[in-house]
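Encoded as structure tokens, the structure appears first; notes follow it.
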Amino acid sequence: MAEISTALRDDRGTDAATIIRPLGTSQREKALRILVPLAALLAFISIWQILVVWQGIPKYILPGPIDAVVALVTDSSTLWPALWVTLRITFMALGVALVGGVLLAIIIVQSRWLELALFPFTVILQVTPIIAVAPLILIYAPDTQSALMICAFLVAFFPILSNMVQGLKSVDHNLLNLFELYGAKGWQTLLFLKIPASMPYFMAGLRIAGGLSLIAAVVAEFAAGSAGQGSGLAFRLLESQYRLNLPRMFAALIMLCGTGIAIYALTSFLSWLTLHRWHESAIRREN
């Protein structure tokens, strides 16, 4: 097998150390990072299916993975529209949280007094359980869909705001002094220095808020108890529970898990796309 030999030299030009690294190591590591979790998942699913069949457990107590997949196909006309309702609420709330969180963060960092006045209210909203706030929102919201979106927004808003504020306040003081030296105006410093420097923090908040908005949308649907054709996956979960239709219930859970993973993967990709050319957290280095 071919090898790479890298010589490290000191300032006198003599060999300090020699590192021998086989070619293809990174490729094997990449493959293992994918194969090991997949193998563990397949082993878990196989043990689950074998246990259900071997013990003869009824479907209304514990369905097997095959039963859940079959329900995912046979009940697709019910589950997929419900998923779309939940996704619509999730992404609408996330979009409003992104805009509102970024704008409020920019306003807050302009004045220490504004931060002291406004930030406690955002902390109160964050630490109050959404399941406790949802019934109150349902009373005052014009309709159920608006109430669900408000609940999801309240949960997704704080990670965006707090991370963006931290990012805007973490700009290198040497760069701030340089902008001041060249006579940059406040909006120029904000646009060309503070906002770009805060992007790693913003992307971290986005990854957190993406998953939380989905969780909040489902919890709000549970609290609302909305039924009918326009209901989301939370109602389908409750409906399946009441009817002891556990295969459909597991199918809905699979859809929610897959959706959460997809949202996290999407936000992680957006983070990499934004940062991989210039920020240390996203640049691959050989160690």
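Every residue gets a Cβ built from N, Cα and C, even glycine.
Annotation source TrEMBL lists transmembrane segment at 34-57, 89-109, 116-141, 147-165, 208-229, 249-275. The domain 'ABC transmembrane type-1' annotation in TrEMBL covers 83-267.
Below 8 A, the CB atoms of the transmembrane segment (147-165) and the transmembrane segment (34-57) form no more than two pairs separated by six or more positions in the chain, fewer than 3 in all. Within the chain, the transmembrane segment (116-141) has long-range Cβ neighbours (under 8 A, six or more residues past its boundaries) at 104, 107-108, 147, 150-151, 154-155, 157-158, 161-162, 165, 216, 219-220, 222-224.
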